[in-house]
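Asks: Sequence annotations record features per position, and here TrEMBL assigns L-histidine binding site to 160, 161, 162, 190, 204, 208, 348, 352, 353. Under the heading compositional bias 'Low complexity', TrEMBL lists 40-56, 68-81. TrEMBL lists 117-430 with the feature domain 'Aminoacyl-transfer RNA synthetases class-II family profile'. According to TrEMBL, the feature region 'Disordered' maps to 1-94.
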Ligand code: HAM
């Protein structure tokens, strides 16, 4: 576009006309009768004939280009090698279109959490390394992004939110109102081997309940996960929530005389059964003093397919059986039993779980875990505090997007505004700015066109932004305290007093 080709609604008589109002303090003057005129998009406003007028220097593209060029010369930047524009391996950039999707997803996470009466918290992404150093040989510890800061402190980028939550609960101490229901959506870092849905940074939605010892907490957490799946259009045919209880494995280990202090390590090793050969698992167990015969017992228990079978193996007094039975009973009450499946092979690779454990999986079995969680009643004690019953889950932002994509139900949220405001003359820019301010104060989303543009461009632009209205600030209407408003859905336009622009 030639910068000299500016569009103005009325004749040149208004060029450089004194601005009747400025800034946000706009008051209407007499307007021409606001007769409704049916027009097609792209048609000019009534009496708005395109006119040519010289562009002010500041709005000329070519002079802006020249400034950039000379700035480049002055800083000696010409000829230097271009930086690598890709983000570090395993991390993501979020362009506006990606942010729209991310905001939609986080909005769904937050809406579900709030619907369940949970309050949001956050903590720094950078934490003390000691928060994540556990000696159970977990993958998460091996994948830690840790380093020494300039003050020689060992720090780490959080790989998960649970230890930070525990730290916050300990910090509050007796002042903490229990039970507490908290949620968070935060970025986590793990030096992972990258596969579909696993990256080196991801965002995790967490919901945790503090101070509730019964499986009522887990049942509520699972209900929230199901509510989320339903909101985004997934069904019990797409997704399964596999549930077990660490007490199953604990009972089996007790039979084989495995000492309590080795239990967390045993869980972490057994969790690898689907990732490494049995011999390797036996080797790792032997290395911590667990006899190979234990593996037979463990595998036998992991192969069970119903809580009834489990009852037959562990006996009716078993805590694992009682807790699982109660959980399924509650699930029935909530109405989400179809989504659950008892699966003792779910052990979870994190050392701190003490009771119920669960994982969300796609039924087709194509993807990694969608989410996972469970009960961890001893984490606060492990941090030197007073033990407190806790249960929660983590739900990543990566696998769910893959699944929604596969199912063809991933939304593509658009960038939209309510109004596009276009000054049709450089001299009317202050007036247009004031109108934008007035509309924004009224809560409307307003795109103010900042450069001299042709009418055709303005229409296309407003259409692209899904605007409901295009407001043309032209000299003669402005003289009367009015602007031309084009209703883009109804293909109508009328002259509206400024005071009536925002409801
Ligand atoms: P987690 O199973 O390690 O549990 O992670 C939870 C979820 O975070 C996974 O199911 C997955 O959706 C996502 N996730 C984990 N690592 C990655 C990765 N490298 N790339 C993409 N997504 C990933 C925990 O973190 C526990 N702290 C959850 C919890 C909260 N338990 C109790 N409260």
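Every residue number used here counts from 1 along the chain in the order it is shown.
Using the three backbone atoms N, Cα and C, a Cβ is placed for every residue, glycine included.
Curation plays no part in TrEMBL annotations; they are all automatic predictions.
Can you tell me where each of these features sits in this structure?
Replies: All protein chains included, residue 348 (L-histidine binding site) registers 22 other Cβ atoms within 10 Å of its own Cβ.
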Asks: Report the largest Cα to Cα distance, in Å and rounded to a whole number, among the residues 160, 161, 162, 190, 204, 208, 348, 352, 353 that the record lists as binding L-histidine.
Replies: 21
Asks: Through the lens of DSSP with three states only, how would you label residue 162 (L-histidine binding site)?
Replies: helix
Asks: Cβ distance under 8 Å to residue 162 (L-histidine binding site), same chain, sequence separation 6 or more: which residues?
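Replies: The answer is 206, 208, 350, 352, 376, 379, 392, 394.
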Asks: Can you list which of the binding-site residues 160, 162, 204, 353 have their Cβ under 6 Å from some atom of ligand 1?
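Replies: Once distances to ligand 1 are taken from each Cβ, 160, 162, 204 fall under 6 Å.
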Asks: Using DSSP, would you call residue 353 (L-histidine binding site) helix, strand or coil?
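Replies: Once the DSSP labels are grouped into three classes, residue 353 (L-histidine binding site) ends up as coil.
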Asks: Using a Cβ-Cβ cut-off under 8 angstroms and a sequence gap of six or more, which residues of the chain neighbour residue 204 (L-histidine binding site)?
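Replies: Listed in sequence order, they are 160, 161, 184, 185, 186, 187, 188, 394, 395, 396, 397.
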